[in-house]
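Feature annotation from TrEMBL assigns domain 'Tetrahydrofolate dehydrogenase/cyclohydrolase catalytic' to 6-120. What TrEMBL lists as domain 'Tetrahydrofolate dehydrogenase/cyclohydrolase NAD(P)-binding' is 143-291. TrEMBL lists Gly169, Arg170, Gly171, Val237 with the feature NADP(+) binding site.
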Amino acid sequence: MTAQILNGTAAAATIKAELTVRVAALAERGIVPGLATVLVGADPGSQWYVAGKHRDCAEVGIASIKRELPESVTQEELEAVLAELNADPDCTGYIVQLPLPKHIDTDRILECIDPDKDADGLHPTNLGRLVLNANSEISSPLPCTPRGVIELVERNGLSWAGKHVVVVGRGVTVGRPIGPLLTRREFNATVTLTHTGTTDLGAELRRADVIVAAAGVAGIVRAEDVKPGAIVLDVGVSRTTDPETGKSRVVGDVDPSVAAVAAWVSPNPGGVGPMTRALLLKNVVEMAERASA
Ligand SMILES: Nc1nc2c(c(=O)[nH]1)N[C@@H](CN(C=O)c1ccc(C(=O)N[C@@H](CCC(=O)O)C(=O)O)cc1)CN2
């Protein structure tokens, strides 16, 4: 058996086409959504992700604003930039690219974002709304990667209802928020959150109908720990240098041998990454629609 592919590049293209129509409808009412990005430092990965966000905005008709700050920026200087964006009417939503340099207090930065402009859904108010809102439809921005994981599965005709989902990784962008989201009544999954400190990770994984691997540990999900027929989503990103070419490449959390056991796998690259980008755009469009309702 070889697993079927959860193709994030294709699903993201469909979402962008849908959003282009919604952005055009807003434009007819004189509303242009505007996404700002705040990039600190010169990490090549972060630069690449941010450049992709601006390309995506242009593709669907969202305006975009770039704020780039040196690695040496102080907490106060960075907070002042966020205050400017909070007050800027052309910026309807923004993100602060993570990770931030070690001398910056990331939690405090996330708290400085106006919750109504929080395109990543990572402000404590929006994470709180995610926890509180167990019954109703989406009414506040949600973290992009968990949303991307959910849509990738659903757009392939699969359902979350009744599934036992084992999440690996406890980071703020994926592992921590995905449980409260998937246990909403509309998805009805049962979720176990594991991490690198879990005593017997293999035993937890073998009970999973769906694995969401977001630990950032290359190959942490091995074929022998996957139930035959499971759905496996690879969110983890580690970089390795190819010894032959000397080029850097992305390695996921899921060992390639898992494809022989699972029913569905998301590739990495080409799976959840493009969905993260597409769902950021969806958050921006939804925020503009809500603000103008
Ligand atoms: N403020 C945020 N920071 C970070 C987030 C986030 O959601 N908000 N997530 C990641 C980075 N990220 C978006 O910001 C992101 C990561 C990966 C991809 C992607 O499309 N990856 C490609 C492969 C790219 C490669 O080869 O390097 C893929 O999976 O096909 C998009 C966005 C951390 N920071």
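Note that Cβ sites are derived from N, Cα and C of the backbone, with glycine treated the same way.
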Secondary structure composition of the domain 'Tetrahydrofolate dehydrogenase/cyclohydrolase catalytic' (6-120) [DSSP: H/G/I, E/B, coil]: 61 helix, 19 strand, 35 coil
Residues near Arg170 (NADP(+) binding site) in space but at least six apart in sequence (CB under 8 A): Arg176, Leu193, His195
Winner by Cβ contact number (other Cβ atoms within 10 Å) across the binding-site residues Gly169, Gly171: Gly169
Neighbour count (Cβ, 10 Å) for Val237 (NADP(+) binding site): 17
Shell list (NADP(+); ref centroid = CB of Gly169, Arg170, Gly171, Val237; cutoff 8 A): Val168, Thr173, Val174, Gly175, Ala214, Ala215, Gly216, Val235, Gly236
For Arg170 (NADP(+) binding site): DSSP state (helix, strand, coil): coil
Three-class DSSP secondary structure - Val237 (NADP(+) binding site): coil
Three-state composition of the domain 'Tetrahydrofolate dehydrogenase/cyclohydrolase NAD(P)-binding' (143-291), taking helix and strand from DSSP: 53 helix, 30 strand, 66 coil
